[in-house]
Every structure is written in C-alpha cells, then in structure tokens.
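The annotation signal peptide is assigned in TrEMBL to 1-22. Sequence annotations record features per position, and here TrEMBL assigns domain 'Cytochrome c' to 43-146, 189-302, 326-415. Positions annotated as heme c 1 binding site by TrEMBL: Cys57, Cys60, His61. The annotation heme c 2 binding site is assigned in TrEMBL to Cys204, Cys207, His208. Here TrEMBL flags Cys339, Cys342, His343 as heme c 3 binding site.
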Amino acid sequence: MRTLHKSLIAAAVLFAVAYGGAAVLPQTRVPDTVTNVDLNNEELIKQGAYIARTADCVACHTSPNGAEYAGGLAMETPVGAIYSTNITPDKETGIGNYSLAQFIGAVKHGVRGDGQALYPAMPYPSYAIMPDEDLTALYAYFMAAVKPVKQQNADSTIPPVLNWRWPMAWWQLVFAPERDFVPDPNADEEINRGAYLVEGPGHCSACHTPRGIAYQELALKLSDGDEFLSGAVIDGWRAKSLRGEARGLASWSQEELEQFLSTGRTDKVAAFGAMADVIQHSTQYFTPEDISSMAKYLKNLPPVKGRETGMPAKTDTTTGDLLNGNYTSRGALLYTEHCTSCHRADGKGVERIFPALDGNSAIFANNAQSVIQITLEGGKMPGTPADRMAFTMPAFNHLSDRDLAEVINFIRNSWTNQAPEVRAVDIAKIRHFVSGKAPHINATGDQHE
C-alpha cells in the first residue's frame, strides 16, 4: 500500500476540505428494517460459516497468535496503520449489540453501527454484491457460533485530519456504489458462479486491482475496465495479474489453478505473503465445485491490452554453468551458497516442497517487490490436508542491499527467466518498509511483529 504516491495524502486533504461544510453524513443506505433471525437454526449457521470462509473474514480480523475475529491486525496504508476491529459477538467491545440491519450496513455499505463510515481497508465495495440472504446467514454464524472475546479496538496511527471519517461517507457514494451481481448472459452457470466469488465475497479485486489517487479500486468488475485484476501492490507485496498474459495466468492450466486455490501449491509454485493467508483461512475450505468455478472464470479472463501473452524464447545456460562451477557473477555465487539446497541448480525446486524459480511468473514479474520482500522476511507455506507439512523459507535480511540485488537479479534473469534489473536502492526501500511495519495487537494487549 505504501507504494502509492504521496499525492494520495494531498488528495485526502483536498477531499476533506472540499466537503468541509457538510453537516450531515449521507448514510441513507443502511437498511432500517428489523428482521428476526433464528439463531438456533443450525442449517443457517452452517451456511453462514461457509460464507465467512468465502469472504475470508478471519484473515484480516485475527492478529497473529490472537483470538479468532478479535481484530488487532495492523494494515499498512500510505498515511499510517489501520487496525482490524473486533467482530466477535462481545457486547462491549465487539458487534454483539449489532442488529441484522446494522450488520448488513457494515458489511455491504461500509457503515458502522454508530453510523460512522468504515475505511476502505474493509472490502465493502466487493461485498456490496452479496445478497442479504447470505448476510443473514453470516450474521447468524457470528452471533451464535463465534466465541465472544473482550478486546478493545485499537486506534489507527493515521494523523489528525487525515483520520476524519466523515469524508469517507462521500468517498463511498463516489467509489462504492450500491450494486448487484450481474451474470454474464454469454457465460455458463459455472463461470458466473466463479465471477460472483471473485468479484464479491472473495474480494480478489481488493488486492489484485490497482487503485487510484483516492485509494479507490480502478475497476470492480471486468466491464469496468482493463485494470480489473491486472495486478497491484498492497502492503509491500505485488499481487500478480490474474489476467491471461505471460506475467499473469497465461501459462497456468485450469487444473493448476484449482490445485493452487485448494492447497496453496502446484508442482511448480507455492503461495506466499498475503496469498498464503488466503489459502490458509479461506480457499482450502471451498467446495470442489466453487474452486472449479473460480478457476474456470479466471482462466477465461482475457489478457490486458498491450501485454505480451508469451515470453521470448531463451536457452538455459545457467544450469550447466552452476554444475560446472562456472560462477559468472557474484549473484551466481550467492545463489549457490544460499539457494541451491532447496531450489536446485536448475531452478526447478522440488515438486510441492520447494517452488521452482525458473519459469515462475512471480519471479520474473516486472515489479520485483514480492521477490524482494520474501527474500528479506522469509515465508511459510499454508498447511492443508493435501500437504500437512508447512515448509518455511528463512529470511535473508542479514545480506547487504548490494548482495540481495545481485542474487535477485541472478534469479530473475537465469535459466529461461527474463526480467528488469533490481538495484540496491530498491532493496533498501523495501527493507525500510518492512522494518517500519506497525506491530499487531492480540487479545492480551501484547504487541508483536
């Protein structure tokens, strides 16, 4: 997120000033009907539990080592950190006093129970297409099946003026319109189901679609523009393009996508960063039918106009050089010292254990932020019934900026890979970002990285 230009700060100030005379928030979209929900209906609660998985509520509303749904996860923005809120049914610190109407207002329209606007870190622009029937089931699940946890919500670290909430109400009117899911009449039922999951509860666009100067997603669905799912940077990670181009999903089969969404791994790649959390908490619990629908929909997305759909051919000379001890660069020597034991001299890794580096679109992406960040921080694969051993990658932040640039450039341009050069200053910027992340907070009040 911090990679957005500082012009966002100026835009936020101008936006607030422009509407500074407003006295009344335009919160007319919150439903005011009162509906009784049967909190003893086991089928309804079970349905709500599944919807919570499809919406991945737990990933954002649970801090590391914290109680489920109690909040405290720090989310970086260009102007400070926002902490996720307590959405357990605790009546003092959570949502235990929310009516169904208030719950729907928060999830679909970004309006808290007290009428204040929620920051768009909450993906309500995507949740807007979810039907009220599904949100009724979700409400039943949270009120009847989630354990109440007493944990006060933490204030954001956004500075005064910029942390005013009332301008967000106007932002919502402009950038988070009321809308319904519109099936594609030319697509089959399975693709339309996948489109709904991707556009709505799965909120894939929140990470994979670039944002504008006002932090709005530039497209919420394919018909909104070519920016939809075209790749973006969020919390320092490069969320790859999910479109049908070479640096997107062109080389993926539908079966590989299904395998990845279900297990976080294929024979060649593994989920890391924020996507590992998505697999861990959400998509591994999807029904096979929903996994198939999502994969089929994503594989049917066209490439972004002007982007290459295939990579230029390149002969692998790297493997032979490494095996013969011909270290043609410092990067090659560093790779041999630190990386070959897992990723091998041929860059192919080990199937479903150590991901391949050769031919991995996350490696040769034009934007190298994810490669840099995982090299600095390390990572851990999600654990699923298909692969119960969650392998970890160590952090290499002990290496200098120059050495990291050397080895990353070697990886991004060896074997059949081709990618733009990374500089030491690029490493330094990501290192500074990683070291400056706000700590998370758990239910004991402890702070931890």
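Backbone N, Cα and C atoms are what each Cβ position is placed from, and that goes for glycine too.
By the criterion of other Cβ atoms within 10 Å of the residue's own Cβ, the least surrounded of the binding-site residues Cys204, Cys207, Cys339, Cys342 is Cys342. Taking only the Cα positions, the spacing between Cys57 (heme c 1 binding site) and Cys204 (heme c 2 binding site) is 13 angstrom.
Take the CB of His208 (heme c 2 binding site) and look out to 10 A: across all protein chains shown you find 23 other CB atoms. Of the chain residues outside the heme c 1 site list Cys57, Cys60, His61, Asp56, Val58, Ala59, Thr62, Tyr69, Gly71, Leu73, Ser84, Ile87 have their Cβ within 8 Å of the site's Cβ mean position. If you measure from the Cα atom of His61 (heme c 1 binding site) to that of Cys204 (heme c 2 binding site), you get 17 Å. Closest to Cys207 (heme c 2 binding site) in space, going by CA atoms and restricting to the binding-site residues Cys60, Cys339, Cys342, His343, is Cys60. Just so you know, the Cβ of Cys57 (heme c 1 binding site) picks up 23 other Cβ atoms within 10 Å once every protein chain is counted. Contacts of Cys60 (heme c 1 binding site) defined by a Cβ separation under 8 A and a same-chain sequence distance of 6+ are given as Leu73, Met75, Ser84, Ala121, in order along the sequence. The average pLDDT the prediction assigns to the domain 'Cytochrome c' (189-302) is 96. The heme c 2 site is set by Cys204, Cys207, His208; from the centre of their CB atoms, other residues of the chain with a CB within 8 Å are His203, Ser205, Ala206, Thr209, Leu229, Ala232, Ala239, Leu242. The local packing around His343 (heme c 3 binding site), expressed as other Cβ atoms within 10 Å of its Cβ over all shown chains, amounts to 21.
With a 10 A radius on its CB, His61 (heme c 1 binding site) counts 21 other CB atoms from all the protein chains. Annotated pair Cys342 (heme c 3 binding site) and His208 (heme c 2 binding site), C-alpha to C-alpha distance, rounded: 29 Å. A straight line from the CA of His208 (heme c 2 binding site) to the CA of Cys339 (heme c 3 binding site) spans 29 Å.
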